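Q: Here it is, the structure in full.
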Amino acid sequence: LALLFLVLSAGSGFTQGVRNHVTCRINRGFCVPIRCPGRTRQIGTCFGPRIKCCRSW
């Protein structure tokens, strides 16, 4: 049970912590001003809510 909690809490913190372009790049993401293209998903923002940080699956 403790291991499950550790895994779930680590995963949720990863996706919520990306708020600038440096953190985006560290998490192997890239910044785009539109929707995340193709087989990528949004993991945060880069320069405010309009610029998305995207990462491939």
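Backbone N, Cα and C atoms are what each Cβ position is placed from, and that goes for glycine too.
Annotations for this protein, taken from Swiss-Prot, read as follows:
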- Cys24-Cys53: disulfide bond (DISULFID)
- Cys31-Cys46: disulfide bond (DISULFID)
- Cys36-Cys54: disulfide bond (DISULFID)
- Gln16: pyrrolidone carboxylic acid (MOD_RES)
Q: Write down the Cα-Cα distance for Cys46 (disulfide bond) and Cys54 (disulfide bond), rounded and given in Å.
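A: Just about 9 Å between their Cα atoms.
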Q: Show me the subset of Cys24, Cys46, Cys53 whose Cα is within 10 Å of Cys36 (disulfide bond); these are the disulfide-bonded residues I mean.
A: Cys53
Q: Sorted by position, what residues of the same chain at least six away from Cys46 (disulfide bond) have a C-beta under 8 A from it?
A: Asn20, His21, Cys24, Cys31, Lys52, Cys53
